[in-house]
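Enquirer: My questions will all concern the structure given below.
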Amino acid sequence: MGGGAVANAGSTAGYAHLLDPNRKWYNNRRIITLNAWIVLLLITSSTNGYDGSMMNGLQSLTQWTDYFNHPSGGRLGLLNAIQNIGSLAAYPISPYLSDGLGRRPAIFIGAAIMCVATALQSAAQSSGMFIGARFLIGFGLTFAANAAPMLVTEISYPTYRAPLTSTYNSLWYSGAIIAAWTTFGTFKIAGSTWAWRIPSILQGLPSILQVCLIWFAPESPRWLVSKGRDAEALKTLAYYHADGNTEDPLVKYEFEEIKAAIEFDRTVAANVGWKSLFTKRGNLKRLRIIVAIAFFSQWSGNGLVSYYLNRVFDTIGITDPTIQLLINGILQIWNLFWALGASFLVDRIGRRILFLTSVSGMLIFFILQTVCSALFAQRNDSNAAHAVIAFIFLFYASYDLAFTPLIVSYTVEILPFAIRAKGFTIFNFAISLSLIFNQYVNPIALDNIGWKYYIVYCCWLAFEGVFCYIYIVETKNRSLEETAAMFDGEEATEQIAGIAHAKIDEPNDEKHSDGSFQEHKSAA
């Protein structure tokens, strides 16, 4: 793919001329309602972020460490890694729930399991009970986290699809912020297990909300078409994308494009099933990128701060739990700011530029963090310790440009519908494997070699930069079907778009349901 050639040089997608310029997220009641449902889906990521930050905070709570007999090394690694082990157990099942029962049922089942799991975690009387509850949290979260981002990208209004799907993973930090400041507050509850039980209880609130409301949200039109429920799919598209007008040119184009893409996957490319992921050339290209960015998202040095921030602080002499919790809380707010900012730039700047800028910044600031950590270790220089904190913040600003907002959105958009759930499962599986490694190895390595362990990540970040330069391609300004099809060659892209254009009647002047007219260009 030679230098990561831009996949689309044009500035408009195949449907751009069909969009009503007066239909915006802030002035259209149906799009406002749709985006409200999408917010319900986005909080799945917040739940995941809450867990990671909560475990970081609990390690700084003396009430938690005392209750569980000061876990360290492999035992501490197990307490963190067990959630991802639970996720691994659910991965073989999750794509079949999402594809078989639908996106909404999968989210409901996952949220229900999460409710039970957080109740057990909050009531834990031993480390075994706490570990078992965290296994169930990972198990349930997998079902919801597999289906939610796919449903977001499959029901979003076209112009808001990329920002909203990118916002999904960015909201990991919204949960992290709540957890960080919750543990900072409950730290003041001296001598009581409520210092860690309260954060555990709060972890279940988003799942309770999803259990109560998810059945009222729209189902994916693509899933409905795949099940032969075409009329229901068309009605859903029309209701949310065109104020109920099934004759709207945009709705007709989207509907026919979805049908054409699903039919292409079934008959032309035979692009269905697990086997096709490893036998089709286009799918192998997808897997190379998907698995790589999954590992990169956890092996860029961020795993040290995400799960073992207190250990990093220990290596630079910051041992006061109050200071550790305070910095953790501020860091999560900083992360959310940069991640959300990048989410709304994905269609303006493009995916490739964001990935390359992100890796370059991470490499620079992690090297500087390593140098300053070494200076503190060798000279006990307090200025070097303060510089480490500054470089942690700058490192995360760089990380958040791409590896927070894009890893989920880029993955789901390059996968065709027929294998989207399965491909996304492989992505999540790769993340869990990388996390388990991180959570076991990082505390042991930090205990034994301290700052020298950072050198490993410096070398790895350099490799990430080379990989992204060669293999990450630009996908901005394409529809979901066009983006997925481009990996199968321009012929597939043109065929799907051509079928969609051929099946819609597109006059020069189209009257909208509100009585206004919009001039449309002829299909290319």
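From the backbone N, Cα and C atoms, a Cβ is placed for every residue, glycine too.
Copying in the features that TrEMBL gives for the protein in this structure:
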DOMAIN    37-476  domain 'Major facilitator superfamily (MFS) profile'
REGION    504-524  region 'Disordered'
TRANSMEM  31-50  transmembrane segment
TRANSMEM  106-124  transmembrane segment
TRANSMEM  131-151  transmembrane segment
TRANSMEM  171-190  transmembrane segment
TRANSMEM  289-309  transmembrane segment
TRANSMEM  329-346  transmembrane segment
TRANSMEM  353-376  transmembrane segment
TRANSMEM  388-412  transmembrane segment
TRANSMEM  424-441  transmembrane segment
TRANSMEM  453-472  transmembrane segment
Enquirer: Check the transmembrane segment (31-50) against each of 131-151, 388-412, 424-441, 453-472 and return whichever range has the most CB pairs under 8 Å.
Expert: 131-151
Enquirer: State, in range form, which of 388-412, 424-441, 453-472 has the highest count of Cβ pairs under 8 Å to the transmembrane segment (353-376).
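Expert: By the under-8 Å Cβ criterion, the transmembrane segment (353-376) pairs most with 388-412.
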Enquirer: Given pairs 6 or more apart, does the transmembrane segment (424-441) have at least three Cβ pairs under 8 Å with the transmembrane segment (131-151)?
Expert: yes
Enquirer: For the transmembrane segment (329-346), give me same-chain residues lying six or more residues beyond its boundaries with a C-beta closer than 8 angstroms to one of its C-beta atoms, as numbers and ranges.
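Expert: 53, 162-163, 166-167, 169-174, 176-177, 180-181, 184, 305, 309, 354, 392-393, 396-397, 400-402, 404-406, 409, 476.
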